[in-house]
Every structure is written in structure tokens, then in C-alpha cells.
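A short worksheet on the structure shown next.
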Amino acid sequence: MRAASLCHLLLTAILGPCSALWQVGGAGSLWAVSAEHRDDSRYNSTLAVEPLTRESTLSKAHQIERSKTQHKAPAWLQAIALVCVPIMFWAACSESVSKWAILCCYVLASLSMNVLNKEAVHGFGRPFLLVIIQMVASDMAIVLVEFKKMKIGRWFDVLRWGVVPISFAGMLGTSMWAFDEATLSAIVVLKNVLPIISFGAEKVLFDIPAKTTALMLLALLVVLGGTLIYGLVDFSCTPFGKILILVNCLFTMADRLAQTHLLKLSSDFSISVPSCMVLNNTLGILPILVLALARNEVGHWPDAFRHTSQSAWFWVAASSCCGACLGYLGLKTQKLVSGTTVLVLQNFNKTLIIVISCAAYHDVLTSVSMAGCAVSILGSLLYGYSRLPSEVATPPEKKKLAS
């Protein structure tokens with residue numbers, strides 16, 4: 001009966017209600033879904049402009065953790081979503097797309113996913129259920145469009161790929177959870193530590209890059225310095241939100257490294273890209289269910305379906321479509337460049353994300369946090385520039401993924 005109920009809930013999530021009313025309610029602690037987290041809201045970032053004393057810092061941190069203000073997404077965000085999703089779908093499914101088109105659409109999908117997820121989490125109120133809906137929607141789209149290309153040469157490769165769905169689910173789950181604990185701009189800047197973590201892991205595991213230059217190390221230090229400045233003085237992210245972002249960085253690193261090893265460096269890997277996507281989204285549902293049970297979210301799922309507005313369902317549908325495109329474009333991109341370069345590519349859209357965050361959600365940056373933000377992003381761009389010679393010198397792939 002419980003399995004049947006879950007299946008019914010998932011089907012209801014895909015179809016969506018014709019009409020629903022938003023109702024604020026619920027209670028709980030950090031691991032339970034609180035009433036504040038169910039609100040269609042964002043953090044009151046203006047608290048960050050007050051004088052910084054130990055007492056005021058502790059007081060503001062507590063206020064920001066519980067204080068949010070109502071917001072409504074501007075109409076131009078919906079218009080942009082309607083335009084961008086078909087473009088990303090074309091790039092994901094077409095076989096005649098150039099390398100640069102794939103990279104550009106990957107950046108566009110990454111940019112769009114941040115905004116769409118922010119709106120979807122606030123409107124839907126159940127982050128882990130939202131992740132499962134997106135996974136099911138991705139599976140349906142891939143099976144319908146790419147069924148003939150789904151191939152598994154050796155079942156042993158499924159076991160080799162098994163670590164990717166776990167890290168993939170952890171990455172999506174913690175990222176969605178973080179949207180309830182921080183503003184969009186805070187998440188973007190704090191995630192700038194990713195290239196630092198990825199650089200160390202790739203160097204140890206794959207000896208990439210083969211040659212480490214002083215410019216690379218300097219760029220990473222600049223990234224670290226800017227991110228620390230922003231993280232220490234900006235209070236638009238709760239302490240728990242910062243922990244979530246750090247854990248998300250670790251899951252993202254594991255996901256990128258595993259994909260790089262299997263798709264780019266392993267010549268005998270026999271699973272096609274569509275099959276990899278289905279494995280990610282299908283096997284990844286189980287870890288998300290575990291997180292939802294730990295957070296005591298599952299019991300609130302029926303209320304989420306009954307009391308979700310039409311506009312919230314729009315953001316859920318748009319984020320699900322974008323998620324399917326992003327996952328597919330991510331795997332295609334992973335075949336073209338290294339894992340660290342993928343992370344650096346994402347940094348090019350961070351300025352746009354921060355601009356959108358300030359314009360749409362009225363995020364407030366103090367002069368110090370703005371300086372830290374600028375230094376961190378400039379360091380990321382400098383690191384990307386320092387990696388270009390080693391990327392160009394890397395010989396072409398000898399293997400092609402089965403398709």
C-alpha cells in the first residue's frame with residue numbers, strides 16, 4: 001500500500017493539479033519542515049548592512065535563519081524560461097550540434113537551473129520531493145526521445161557507474177535544500193570553492209594537469225580569499241546553509257571526477273549517454289528518499305500536492321525540463337573537457353546569476369561582500385585562463401562513447 005501511495009503521488013506530481021491554493025502551515029525543527037520553509041519566500045538580506053558586533057552577528061544569524069519575506073517572481077522570468085527550455089532541449093537531443101553550441105547551452109542550462117530551482121523550491125515547499133519529480137521527468141523524457149540509443153555493452157559497467165547516481169543524488173538533494181537556507185547570490189559565491197577541491201582531487205587521482213603553474217596556484221588563492229571574505233561578512237546564508245553548500249561541493253566533486261574517469265579516461269566503458277542518464281535518475285531516487293525520511297518530509301507530501309498553486313507547478317515543470325536537459329548536456333560536456341574545466345565553465349555565468357538574483361529577488365550586497373564576490377569570480381576566471389594551455393595540449397579522445 002505504501003509503495004502504491006508513493007507511485008500515486010509521483011504520477012500526481014507529473015500531471016499536476018488544475019488548480020490549487022497555497023496554504024502556509026507545518027512545524028518542526030532543523031530536520032523537520034518548518035512553517036517558514038513552506039512559505040513562498042526569500043531571506044531578508046538587508047539585515048547584513050547593520051554594524052558587525054558579536055552580539056549583533058549572533059542575533060542577525062538567528063533572525064536570518066527564521067526571517068523571510070514574501071516575494072513573487074517577475075513575469076519576465078517566466079518568459080525567459082519559456083524561451084530557454086526549448087533551446088536547451090534542442091541542444092540536448094540533436095546530433096548535429098557543434099562543440100561550442102553544447103558548451104554554451106550547458107552554461108545556459110546551468111544558469112537557468114539555479115533560478116528555476118529557487119522558484120520551484122519556494123513555491124512547492126518540499127525540496128526532496130521536487131528532486132524526485134525532476135528525476136522521474138528526466139527518465140520519461142530520455143526514454144521517449146532516446147530509447148533506441150540506450151545501450152549497455154557490459155553489465156559490469158553498471159556496477160562501475162554505481163557510484164555516480166549516489167553522488168548525483170547527493171549533489172541535487174543538498175543543492176535543493178540549500179535554496180531554503182540561503183539567497184541565490186550566496187549559494188553562487190560560496191560554491192566558488194569547487195575548483196579548489198576539484199583541482200586537488202584531479203591532481204592526486206589523474207595527474208591533471210600534468211604541469212602545475214604558479215598562475216594556477218595564485219588564481220586558486222584568489223578564489224579562496226574572495227570566497228572567505230564573502231562568507232565571513234555576508235549574512236544572507238544561515239550557518240546550516242553554509243554546511244549544506246560545503247557538502248554539496250564534495251558531492252559535486254565526486255560526481256564530476258567519477259564521470260570524467262568513466263566517460264573521458266576509460267576506453268572500455270560500454271554504456272551509452274542516455275543509459276547513463278537513466279541510471280543516474282533511477283538509482284538516485286533511493287538516496288533522495290533516505291534524505292526525505294531523515295528530514296521527516298515524506299509525511300508532508302500529500303499536503304504539498306493539495307496546496308500548491310498553478311504558478312508553483314509551472315516552476316516545477318520548467319525546472320524538471322531544464323534538469324533533464326542539464327543532465328544530458330553535462331554528460332556531453334564531460335566528454336569534451338576535464339572535470340575542473342566544467343566547474344570553471346559554470347563560473348562564467350555566475351555574474352549573470354548574481355545580477356538576476358539582485359534584480360528578481362532584491363538581494364542586498366554590502367560593499368565588503370560585493371568585493372569578496374568580485375575577487376572570487378575574478379579568481380575563477382583567472383584559473384580558467386591558466387588552464388587553457390593544458391587543455392589545448394591534451395590529445396584528443398581515443399575512444400568514443402557508445403551511442
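Note that Cβ sites are derived from N, Cα and C of the backbone, with glycine treated the same way.
Taken from TrEMBL, the feature domain 'Sugar phosphate transporter' applies to 104-383.
According to TrEMBL, the signal peptide annotation covers 1-20.
Sequence annotations record features per position, and here TrEMBL assigns transmembrane segment to 75-93 (among others). Long-range Cβ contacts of the transmembrane segment (75-93) within its own chain (Cβ-Cβ under 8 Å, at least 6 residues beyond either end) map to 101-102, 105, 108-109, 112, 115-116, 119, 145-146, 314, 318, 321-322, 324-326, 328-329, 332, 360.
The feature transmembrane segment is assigned by TrEMBL to 128-147 (among others). Note on the transmembrane segment (128-147): residues 9-10, 13-14, 93, 117, 120-121, 169, 172-173, 176-177, 274, 277-278, 281-282, 284-285, 288-289, 291-292, 295, 297, 301, 304, 316-317, 319-321, 323-324, 327-328 of its chain, located 6 or more positions outside it, place their CB under 8 angstroms from a CB of the stretch.
Under the heading transmembrane segment, TrEMBL lists 159-178 (among others).
Annotation comment: TrEMBL describes 184-201 (among others) as transmembrane segment.
Residues of the same chain lying 6 or more positions beyond the ends of the transmembrane segment (213-233) and with a Cβ under 8 Å from any Cβ of it are 48, 52, 186, 189-190, 192-193, 195-196, 199, 242, 366, 368-369, 371-380, 382-383, 385-387. Per TrEMBL, the feature transmembrane segment maps to 213-233 (among others).
Annotation source TrEMBL lists transmembrane segment at 269-292 (among others).
If you look up TrEMBL, you'll see 312-331 (among others) marked as transmembrane segment.
Look at TrEMBL and you will find 368-385 (among others) tagged as transmembrane segment. Tertiary proximity for the transmembrane segment (368-385) is limited to same-chain residues at least six positions away from its ends with a CB under 8 Å from its CB atoms, namely 48, 185, 189, 192, 195, 215-216, 218-231, 233-234, 341, 344-345, 347-348, 350-351, 354.
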Same-chain residues at least 6 beyond the ends of the transmembrane segment (184-201) whose Cβ lies under 8 Å from its Cβ atoms: 114-115, 118, 175, 178, 216, 220, 223-224, 226-227, 230-231, 234, 236-237, 241-242, 245-246, 248-250, 252-253, 256-257, 339-340, 343-344, 346-347, 350, 353-354, 356-358, 361, 363, 365, 372-373, 376-377, 379-380, 383
Long-range neighbours of the transmembrane segment (269-292), counting only residues six or more past its ends (CB under 8 A): 128-129, 131-132, 135-136, 138-139, 142-143, 146-147, 149-154, 157-158, 160-162, 164-166, 168-170, 172-173, 262-263, 298, 327-328, 331-332, 399, 401-403
